Amino acid sequence: MGHFTEEDKATITSLWGKLNVEDAGGETLGRLLLVYPWTQRFFDSFGNLSSASAIMGNPKVKAHGKKVLTSLGDAVKNLDDLKGTFAQLSELHCDKLHVDPENFRLLGNVLVTVLAIHFGKEFTPEVQASWQKMVTGVASALSSRYH
C-alpha cells in the first residue's frame, strides 16, 4: 500500500485542511459519473444523470460526493492503517453494493484532478505524489475485503 513518510503526512494533512469537502466531493463524484459513465449504474436512485449539467447540478451527487470525501478524511487521520480504517466500507461495497473495485482507483484519480484544479500552483508535483500515494492506498484498502 505504500509507506507514508512524515513529509507525505504533513503534505496531505495540510492540503486537506484547506479543502472545501462539500464542493470538492460533489465535483469529484460528478466528474467520475461524467468521465466514466458506466459508474452511473451504481447510482440509479439519484435521478437525472443524462448530461453534464444534470450530473453536476444534481443534489444527490453533491451530497454523496460530500459523504465520500468526508470518509476520506478518516484516511487522512489514519494513514498508517488504511486497511483497518476502510474494512467495513470494503465489505459493504463488495457484498451489498457489488461495486467493481477498479472504480475506487478511478475515483482517486479524479480526486487528484479536482485537487489540481482547486489548488493550482500550490498543487506541486511533490504534493501530487503524496496525494496519489494516498488515493492508491485508499483504493487498495477499499478492495481488501473483496473475495
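The backbone N, Cα and C atoms fix where each Cβ goes, and this holds for glycine too.
All protein chains considered, the CB of HIS64 (heme b binding site) has 19 other CB atoms within 10 Å. Annotated heme b binding site per Swiss-Prot: HIS64, HIS93, in sequence order, evidence recorded as sequence analysis.
Under the heading domain 'Globin', Swiss-Prot lists 3-147, citing sequence analysis as support. When the domain 'Globin' (3-147) is classified with DSSP, helix, strand and coil residues number 119 helix, 0 strand, 26 coil.
Taken from Swiss-Prot, the feature phosphothreonine covers THR13, and the record attributes it to similarity to another entry. Applying an 8 A CB threshold to same-chain residues 6+ apart, the list for THR13 (phosphothreonine) reads VAL76.
The 10 Å shell around the Cβ of SER45 (phosphoserine) contains 7 further Cβ atoms across the protein chains shown. The feature phosphoserine is assigned by Swiss-Prot to SER45 (among others).
Counting only residues at least six positions away in the same chain, no Cβ atom sits under 8 Å from the Cβ of SER51 (phosphoserine). The phosphoserine feature in Swiss-Prot is assigned to SER51 (among others).
Its Cβ taken as reference, SER53 (phosphoserine) is surrounded by 9 other Cβ atoms within 10 Å in the chains shown. Residues annotated as phosphoserine in Swiss-Prot, with similarity to another entry given as evidence: SER53 (among others).
Here LYS60 (N6-acetyllysine) comes close to PHE43, SER45, PHE46, GLY47: these same-chain residues lie at least six apart in sequence, with C-beta atoms under 8 angstroms from its C-beta. Feature annotation from Swiss-Prot assigns N6-acetyllysine to LYS60 (among others); the stated evidence is similarity to another entry.
A 10 Å cutoff on Cβ-Cβ distances gives LYS83 (N6-acetyllysine) a total of 17 other Cβ atoms nearby, all chains included. Annotation comment: Swiss-Prot describes LYS83 (among others) as N6-acetyllysine.
Residues or ranges marked as S-nitrosocysteine in Swiss-Prot: CYS94.
Swiss-Prot lists SER140 (among others) with the feature phosphoserine.
Sequence annotations record features per position, and here Swiss-Prot assigns phosphoserine to SER143 (among others). A sphere of 10 angstroms centred on the C-beta of SER143 (phosphoserine) encloses 20 other C-beta atoms.
For SER144 (among others), the entry in Swiss-Prot reads phosphoserine.
For SER140 (phosphoserine), the count of additional Cβ atoms within 10 Å of its Cβ stands at 19 [all protein chains shown]. Proximity note: of the listed recorded positions (SER53, HIS64, LYS83), LYS83 have a CA within 10 Å of the CA of SER143 (phosphoserine), given in sequence order.
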